[in-house]
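Asker: Submitted below is the structure of interest, expressed as structure tokens.
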């Protein structure tokens, strides 16, 4: 039989671990309950609605795959899907490329006071709602707007941006760029500066240091920032509607059109579920890229 003191010493770590687990459960319960109530349950209802039917403009519980067949056979869905995916991918890539120099300058070049000021400037756009910012872009790029007014003396223009895919991408960048710069700033802030110093001591130039040290070290954060950009662009309704003119429509526009035309919520639900599945696949691929090269210790 073990001495009483030894048994007590062994029991203390076990009780501590159990208390830590209970504490973690208590802390995690509210957000998990929120996600369950306001995401999982509505998502299940949305999935069930894809099998319902509409009769005389009224939604009826049913079990039919006709909505799936109709949507996936329609040419307009395929075109909207490809258009949405390509614009979102393009915007995410452009946003990441534009944001990186700014994030690099904030982390490695700006002084402490300047860094705080720049981060504050990145937060300022979120003081106004996104529709307000998009409306201001309409004024900026309209035929009699500021851009055309500035280039008119040089004999250029007019520049037609509204009601084009270019306008949609500009709206996507307006939505995501400040957030991506902030996320990349956080990612670059976690890079071990001793690795950068070692690279410089080995006579590596600035560009080579970025490629061989900074980008690999911050890969997870940079990929997650691009993922956020893609997700936000893929589901955005405001930019394609107000700047792109819905021509051609994106998937978010298609959802609204299905609801407006005959109150067809089941077909709109099919499009929405397709978007969610697509985002899950894309995020899975990006997570593999972000964490694929790492080995658990």
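Glycine too: its Cβ is placed from the backbone N, Cα and C atoms.
The feature domain 'ABC transmembrane type-1' is assigned by TrEMBL to 81-288. Annotation source TrEMBL lists transmembrane segment at 23-52, 80-105, 117-135, 169-189, 210-238, 270-291.
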Asker: Residues sitting near the transmembrane segment (169-189): Cβ under 8 Å, six or more positions beyond its termini, same chain?
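Answerer: Hits for the transmembrane segment (169-189): 87-88, 90-92, 94-96, 98-100, 102-104, 106-108, 119, 122-123, 125-126, 130, 133-134, 137, 141, 161, 214, 218, 220-222, 224-226, 228-229, 232-233, 236, 238-240, 242-244.
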Asker: So which of 23-52, 210-238, 270-291 is most in touch with the transmembrane segment (117-135), counting Cβ pairs under 8 Å?
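Answerer: Comparing 23-52, 210-238, 270-291 against the transmembrane segment (117-135), the winner is 210-238.
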Asker: Of the listed stretches (23-52, 210-238, 270-291), which one yields the highest count of Cβ-Cβ distances below 8 Å with the transmembrane segment (80-105)?
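Answerer: Out of the listed stretches, 210-238 contacts the transmembrane segment (80-105) most.
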